[in-house]
Amino acid sequence: MTDTATSAPAPARRAWLLAEFCLLFFVAPALQFAFFDTLGVFGPIAVVCLLAVVLLQLTPGWHWRELIAFHGLARWLPFLAAFVILAIAIMAALVLWLRPYAFLSMPVERTGLWVLIMTLYPVLSVIGQEIVFRPLFFRRYGHLIGGPVIRVVLNAGVFSLAHLFYQNWVALTLTFLGGIAFGYAYERSGSFPLVFLMHTLAGQALFTLGLGAFFYHGSIPG
């Protein structure tokens, strides 16, 4: 298979990549939001993840072994620990403000479901999201976007936009803040294992603390 964007002249390649970028990160979430009753949650996400895999395969310089490249991760462990502590503090305060009755309710009252989410969430949700929003975003489209600060903020913005279909400010705010942290970490380190761990631990804490209702498709207004 030929990467059309790579084989085209520079201006045409740039236009092609910009079109890809807009379709994946703006048009796709807008369509999912507008036609959620028809499209649902998982179909659009699966299509975008599949496209991300294909496009990354066509991206010059990308190697799939980067997904399990742990070199250099150790020096980022203090950052990871600080992020997790801050994320837990913010989310605990948020749940105590908005849903105090739900604080730690899932592990206590629905232990089986909680264990299932803790186990499957990293595999079924985090890996796909991180491939789309970190390697694909930064490695294939990063050179189209200004400096590192602009890249990180835009990355957080489109990551938040992808959660628009949840239709609540908590999901949009937390994913934007998380996107800032994940984007910064990937921009600086280039480490997929690092952002995978950050996203996994933050998501597990979110469901454990009691904010899962804001990220549950069954709670979306009809």
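Each Cβ is built from the backbone N, Cα and C atoms, and glycine gets one as well.
Automatic prediction, not curation, is the source of TrEMBL annotations.
Sequence annotations record features per position, and here TrEMBL assigns transmembrane segment to 15-35 (among others).
If you look up TrEMBL, you'll see 41-64 (among others) marked as transmembrane segment.
Packing against the transmembrane segment (76-99) from elsewhere in the chain are residues 170, 174, 177-178, 181, 185, 189, 191, 194, 197-198, 201-202, 205-206, 209-211, 213: each is 6 or more residues past its ends and has a CB under 8 Å from a CB in it. Residues or ranges marked as transmembrane segment in TrEMBL: 76-99 (among others).
Panel annotation: around the transmembrane segment (111-132), residues 24, 45, 48-49, 52-53, 56, 67, 159, 162, 182, 192, 195-196, 199-200, 203-204, 207-208, 212 of the same chain, lying at least six beyond its termini, place a Cβ under 8 Å from a Cβ of the stretch. Positions annotated as transmembrane segment by TrEMBL: 111-132 (among others).
Look at TrEMBL and you will find 114-201 tagged as domain 'CAAX prenyl protease 2/Lysostaphin resistance protein A-like'.
The annotation transmembrane segment is assigned in TrEMBL to 169-187 (among others).
As annotated by TrEMBL, transmembrane segment applies to 194-216 (among others).
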Which residues, given as numbers and ranges, are at least 6 beyond the ends of the transmembrane segment (194-216) yet have a Cβ under 8 Å from it?
73, 76, 80, 83-84, 87-88, 91-92, 94-95, 99, 102-107, 114, 117-118, 121-122, 125-127, 129-130, 134, 163, 166, 168, 170-171, 174, 178, 181-182, 185-186
For the domain 'CAAX prenyl protease 2/Lysostaphin resistance protein A-like' (114-201), DSSP counts of helix, strand and coil?
79 helix, 0 strand, 9 coil
Integer mean pLDDT for the domain 'CAAX prenyl protease 2/Lysostaphin resistance protein A-like' (114-201):
98
